[in-house]
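For reference, the structure is listed below as structure tokens.
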Amino acid sequence: EQAVAVAGGIIGGTLLFVVIGITAYLLWKKFCRLLSYEKLASPVKTANANAIFQDQSTSEIQLKSTRSRSVPFIIPPTLHGRDWMTLVNEEQVQEDSDPYMIPQSGPRSSFHSLAGAYVVGTINPELYKVPEDKSETDFPEGNIGRLWFSIEYEQESERLLVSLIKVRKLQPPADSCSPFVKIYLLPDERSYLQSKTKCKTLNPQFDENFVFQVSSKMLLQRTLKFLVYHVDKQKKHHLLGQVIFPLKNEILTDDNKLVIWRDLEKENLEPPSDYGDIQFSLSYNDYLGRLTVVVLRARGLKLQEESHAVSVYVKVSLMNYNKLIKSKKTAAVLGSPNPVYNETFSFKADQTELDTASLSLSVLQSIKGEKTHLLGHVVVGPFMYTRGKELEHWNEMISKPKELVKRWHALC
């Protein structure tokens, strides 16, 4: 009986000790949590709060003015003990003894709820804006429309993928407009692909895809041509403008989809001359003493033989007193009576030489194994050498320095 009593006492004492230990541990954990909560929730010192904000109205005005110009960038109260350096914009960071405090009176906001946080500077929202797409808003004077499209070339299947996206700011002959687009892959002008007609809109959205089969060897010799038409109530088609886009300067691969926009141009409605016509731009920079020629395209050329073996190029020569100064050539375009070049050439020419200088543009045809044949030429320059449109083009170039002056000229 004594042994049983001793054993019971020991067991009871042990259990009591365990219960006391567990209770003490739980109380200690709870006390630690309370201390941690109080540390996080305790406000920072407010000794100098009155020195920052004189009254509620002043703080509200400062907040509004700050919001209107920039967004405050703050540091949480738990990081107040760290040292912060002077900002780039020369705004000084407040010391730990001078925290940024918002008066608790008045309407509260999400910014007021961050009382006790440091202001280390501001973020200017203007620096993070996405650049505005000017192609949707900036239309030059005299613009007759703008066309957006994309191109991609599949090497394996040898397919040129053309996506007609949209046209904006069309200028139809009537109030209503029902446009559609024909797409050519020059030099083939006999076949084309056509979009759907969009009824009664000056800003049609097409989002249509077209496919041209063309070998990779011939791709860079091809030119895309977009003709935008308007269908009137009598079902007659009226050409509103065109876009001509040579592929020779583009890098077309399977993973390189190019999205492009171009302004519409008016088609030259005059019949071609006997030997064809050439279109080019002239510009003179009087500061640099530089004469610039942009050879754009030719049309209606009388080729001796129409085949892919025939190459047509333009030779541009700067003359002075009929003496050759310098000549440059465009790349050759194969087998087309309507070649497109879009190539730029520059010549050094002093302003005092413009009364005696002239430009000669010759269109030449070459066939492998045969001599080069002259298809036609044109000379632009001062009164000493030219008259009519050629003289007008030269004088307009001089009167509009640094501007590209574009015109068609008949070959002779």
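Cβ from N, Cα, C; glycine included.
Curation plays no part in TrEMBL annotations; they are all automatic predictions.
What TrEMBL says about this one:
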DOMAIN    143-262  domain 'C2'
DOMAIN    274-395  domain 'C2'
TRANSMEM  6-28  transmembrane segment
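In the predicted structure, the domain 'C2' (143-262) carries a mean pLDDT of 86. Residue counts for the domain 'C2' (143-262) under DSSP, split into helix (H, G, I), strand (E, B) and coil, are 4 helix, 69 strand, 47 coil. In terms of DSSP helix, strand and coil, the domain 'C2' (274-395) has 11 helix, 67 strand, 44 coil.
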